[in-house]
Amino acid sequence: MKLFEQPAHVLHDMLVNKEITSLELTEAVLARIDEVEGDVKAYLTITRDVAIAQAKAVDEKIAKGETISFLEGIPGAIKDNICTKGVKTTCASKILQNFVAPYDATVMTKLKAQNPVIIGKANMDEFAMGGSTENSAFQKTGNPWNTECVPGGSSGGSAAAVAAGTAVWALGSDTGGSIRQPASFCGVVGMKPTYGRVSRYGLVAYASSLDQIGPITKDVTDCAHILNIISGRDEMDSTSVNEEVPDFTKALVEDVKGLKVGIPKEYFVKGIDPDVEKTVREAIDKLKELGAEIVEISLPNTDYAISTYYLISPAEAATNLARYDGVSYGERAEDAADLVEMITKTRTQYLGEEVKRRIMIGNYALSAGYYDAYYLKALKVRRLIKEDFDKAFEQVDVIVCPTAPTPAYKIGEKISNPLEMYLQDACTVPLNLAGLPGISVPCGYSSDNMPIGLQIIGKALDEETILRVAYTYEQSQSYHNDRAQLGGN
Amino acid sequence: MSYEAVIGLEIHSELKTNTKIFCGCATTFGAEHNTHVCPVCLGLPGVLPTLNKRVLEFAIKAGLALNCEINKFSKFDRKNYYYPDLPKNWQTSQYDLPICENGYVDITKSNGETKRIRITRIHMEEDAGKLVHSGNTIKDSDTSNVDYNRTGVPLIEIVSEPDMSSPEEARLYMEKVKSILQYIDVSNCKMEEGNLRADLNVSLRPAGSDVLGTRTEMKNINSFKAVEEALTYEIERQEEVLEDGGHIIQETRTWDPDRGITLSMRSKENAHDYRYMPEPDLVPIITTDEEIEAFRKSLPELPDARKARLEEQFGLSAYDAGIITSSREMAEYFDAVIETGADAKLAANWIMGDLSKNLNAESLEISDSPVDAKRLGEMIGLISKGTISSKIAKKVFEEMWKSPDSPEKIVKDKGLVQITDTKAIEEIVDKVIEANQKAVEDYKSGNKKAIGALVGQVMKQSKGKANPQTVNQILAQKLG
Ligand SMILES: [Zn+2]
């Protein structure tokens, strides 16, 4: 494997053993960007000079014989809705096209304490609204396995960069599947931790009660390591949980014997692609073969998850995005006659179609006379969905199902039909509504040779069991060693 | 037809915490524009609020002092509307689960009647910033700038039931609320700085009816005088409209203090739909019985209790006790005067009289009085001992206002000691009798009032230092 194809834990060992330098590694990744970024378009901002300087500093440290931390000197990408001090944070929106945050998100502060090499900011659907990264105001990212296909979304840039070798690791954010679905489409590992496990301070809000930052990596081992770094209570985020963070790498054991794995029948019904169903069923058989006990379960309110999600998330988004008014930061439309016109023109001109659609749905759901029928009802159904999971977890340790009902589709194929796009989220949104952790790991390919992901869902704050099942499954086959064929390799 | 006014108040009071409600910025008033700001109160992308625990403490204390029930489960909500002084374009406030509910205060009217005004709720919220226009209003300005220093300063909103029926009652209610908030030390209540302001709701109905009429609202009234004047004007205006057979339009009106009138600002059709929703970035507020009890125990003696104590302990009249306890500072000043051993009634008279007069003349707070409680107490002691007369005391007080000397020193330096020596007084009396034979004759022929002129002469010749009682006695004796 080439350097840029290696997972972080292998590269870390190579750095420690002085087989490579961080500069060599960083230059390899930057060269890979030169080679394939024109097709993949994963990045909105590339901070080449900063990356080189960071790499050199790490090499000096190693040369002095100092010990280095896990991510030290290893290049990664940050989704462009995570605030990075001094570097643009655009959310792939024209309204923030020149916005530079004056502060670092808490995850950035935690990461920077590790001295990683930050390559740049990754493309995404505008304000994380979408599942294909086609809603980026700036560019469409290609799936490294077939650049005519979408990488998934909204963290499509992060997943594509890791799959293309233009980043070793990445951070994404997941509101309704935005880490797991692109991980599934791009054949990499992506985890949405329990709501509150990772601080949201500095993550530009889409839907506050659903958003969560998580890692996108080449394998489960890297995922556990990065989760260790970014987790934990943050006084700046009062919704972050005040629980001790375990060492997630201790969960990397190859053993699922006796674990009860629930298979929700509602996740294998209408709209599921036959290749996805076949591949996921094979993975379940594999888990059984490895000693897990397979239990069929029911999550009866699954059908309502999408409607619930598409009321709650737009309602929260409508208020969260109200701040983009052109007054004190972001773009402002020219030539407005008065205040109302200034705000209206600014938002009309600089916000994208999907963002406007969700703002309108959200304001409608919150408006007088409709609140009870829509928003309040959605909150009640949300509770029922959570109760479904609570009941299921009395019986089983983890729940396993597809991450997405289909593999990656062609760019442009679904963009004109928002409703069909929304249905793509059926397997992922219930976890966000219930606040539960979930991971997507590669489990095979479609007949068109596009990756398929297996989703493993855990109890709240039980990322360890998910990692254990994911790791055991991963080690039983070799999908995590496959790399997208792209460019010259 | 005779009408009855129905008035309700929403009082906004800034809490005197050191830092803002959701971030660590200072709340100091009057700083240079946009110097007390951070990403959180500027509403930058990605920021989250964290609740300042002191705000919760102060709001609960206010609720307890205003006889409210404290909700043990409370939460914040987003009140959505677009205005440039609101960086997020929503105000973090409380909607359906406010921290306090169902309270009341009692007011005493000028006719001595006591009335209970019920409080519906108290909720916590953040203040907005301030617009600085190049012109007078946003409409006639070429440019407007925003000062975010005030953005996120903590507020409580105290909502009353429509229990008041006159402008006087509304003023008394607001004064009482202000007094209580100052007693418990949760707000500076500096009205000129906008610490305390009220939205006034008023409607009319036929006297004796229990049907509510259409109301109008006047926002951001920030003086007691304006409360009374705006309501008086608005009641008259509504009366005229109704008398002419017209209808009151439900609307927001602004009070123009210079012209003394209210003007239509926004009708109900243009009213905001605030699209309230639960604030997902803040966890619900859980308060335990133990915490509530601890806050209750930490409260100082409140105005009503203090007033009752002064009446009982010192025999003050209800009126005097009411004035002395109307502010915590004055009540504490009174207590400090008493501590020197001074007579309570004299103390009350001096505080309500010369001291208040001098403070008002110089617009001083009692805490900034040049005559502190100790010196006033000493001076009252001199009156009680008969060292000086009440009349001389006025001179002593004026001297004390100007100099830091003790009253004893002033009395001694200025030779103001009262003459109680009967011999010395008799000498003056004799001289006065001799020089005023006409008055003596009048007195002797039955005009007893004539003695007053003689007493006046004696006092004048003694430069006011003779003890008036002694003068009276000696004169009566000598004139037979
Ligand atoms: Zn601040």
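Placed from the backbone N, Cα and C atoms, the Cβ positions cover glycine too.
Record features, source TrEMBL:
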- A:LYS79: active site, charge relay system (ACT_SITE)
- A:SER154: active site, charge relay system (ACT_SITE)
- A:SER178: active site, acyl-ester intermediate (ACT_SITE)
- A:24-467: domain 'Amidase' (DOMAIN)
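Following the DSSP three-state reduction, the secondary structure of A:LYS79 (active site, charge relay system) is strand.
A:LYS79 (active site, charge relay system): 31 other CB atoms within 10 A of its CB, across all protein chains.
Note on the active-site residues A:SER154, A:SER178: the fewest other CB atoms within 10 A surround the CB of A:SER154.
Reported as a whole number, the C-alpha separation between A:LYS79 (active site, charge relay system) and A:SER154 (active site, charge relay system) equals 9 Å. A separation of roughly 5 Å, to the nearest angstrom, links the Cα atoms of A:SER178 (active site, acyl-ester intermediate) and A:SER154 (active site, charge relay system).
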